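Engineer: My questions all concern the structure below.
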Amino acid sequence: MAYPMQLGLQDATSPIMEELMNFHDHTLMIVFLISSLVLYLISLMLTTKLIHTNTMDAQEVETIWTILPAIILVLIALPSLRILYMMDEINNPVLTVKTMGHQWYWSYEYTDYEDLCFDSYMIPTNELKPGELRLLEVDNRVILPIELPIRMLISSEDVLHSWAVPSLGLKTDAIPGRLNQATVTSNRPGIFYGQCSEICGSNHSFMPIVLEMIPLKFFENWSSSMT
């Protein structure tokens, strides 16, 4: 989760988030090199006395500034397309969870189990226990097994919402009448927080998401107790 005064991204918990962080560093390095080159050329123009007022064309320069940006775009596009494919591809999910956005709460249905569904509301500030996080705790957490591919089917009952958990690299729009999907795979157990990331009305800020990732054995015990 995020901390006060934190700089940078949240710690990666899923393979997709690890890839996104690597891509962020890769792209940031390219941007840094381009910015350094541009600043160097600007400083050179301001300090040098060499001018070329009679130059009408420069084929070599035009070729370079056409080919070089194309190469840079390819270097950015290829890893980006690879990650997009990874985020969209779901191979043999062991579990499917249907997520519905409402004003202003989430409802979850474990489609592989009978009668395993619940609503998830934010816990009001005056009902929080010591150590719980303001505006982030819910009455019913989403319990999921770790190290297994899980498919989330995401939609909405009313207006646009967005189901987002930054540590897992997840952000999927919840659109009325449309079913979007996302892959959840956690590398380690823990509790991970997210929020609705699409302005959906006056209580948009009060739609937290809490995932509790646990080993498969404990998940089976929990699901048995819930059904």
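Backbone N, Cα and C define each Cβ position, glycine as well.
From a predicted model like this one, the values you see are computed outputs, not experimental measurements.
Pasting the relevant annotations from Swiss-Prot:
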| type | residues | note |
| --- | --- | --- |
| TOPO_DOM | 1-14 | topological domain 'Mitochondrial intermembrane' |
| TRANSMEM | 15-45 | transmembrane segment |
| TOPO_DOM | 46-59 | topological domain 'Mitochondrial matrix' |
| TRANSMEM | 60-87 | transmembrane segment |
| TOPO_DOM | 88-227 | topological domain 'Mitochondrial intermembrane' |
| BINDING | His161, Cys196, Cys200, Met207 | Cu cation A1 binding site |
| BINDING | Cys196, Glu198, Cys200, His204 | Cu cation A2 binding site |
| BINDING | Glu198 | Mg(2+) binding site |
Engineer: Using a Cβ cut-off of under 8 Å, list the residues of the same chain at least 6 residues beyond the topological domain 'Mitochondrial intermembrane' (1-14) that approach it.
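Structural biologist: Answer is 20-21, 24, 133, 136, 166-170, 184-188, 190, 192-193, 213.
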Engineer: Which one is it: of the binding-site residues Cys196, Cys200, Met207, which Cβ has the fewest other Cβ atoms within 10 Å in this structure?
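Structural biologist: Result for the binding-site residues Cys196, Cys200, Met207: minimum number of other Cβ atoms within 10 Å at Cys200.
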Engineer: What other residues of this chain sit with their CB within 8 A of the center of the CB atoms of His161, Cys196, Cys200, Met207, the recorded Cu cation A1 site?
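Structural biologist: After dropping the recorded site residues, what remains is Gly101, Gln103, Trp104, Trp106, Ser162, Ala174, Gln195, Ser197, Glu198, Gly201, His204.
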Engineer: Provide, as an integer number of angstrom, the distance between the C-alpha atoms of His204 (Cu cation A2 binding site) and Cys196 (Cu cation A1 binding site).
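Structural biologist: Cys196 (Cu cation A1 binding site) has its Cα 7 Å from the Cα of His204 (Cu cation A2 binding site).
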Engineer: If I restrict to non-local contacts, at least six residues apart, and a C-beta distance under 8 angstroms, what lies near Glu198 (Cu cation A2 binding site) in its own chain?
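Structural biologist: Looking at Cβ-Cβ distances below 8 Å from Glu198 (Cu cation A2 binding site), excluding near sequence neighbours, one finds Leu160, His161, Ser162, Asp173, Ala174, His204.
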Engineer: Which site among His161, His204 has the most other CB atoms no more than 10 Å from its CB, taking these as binding-site residues?
Structural biologist: His161
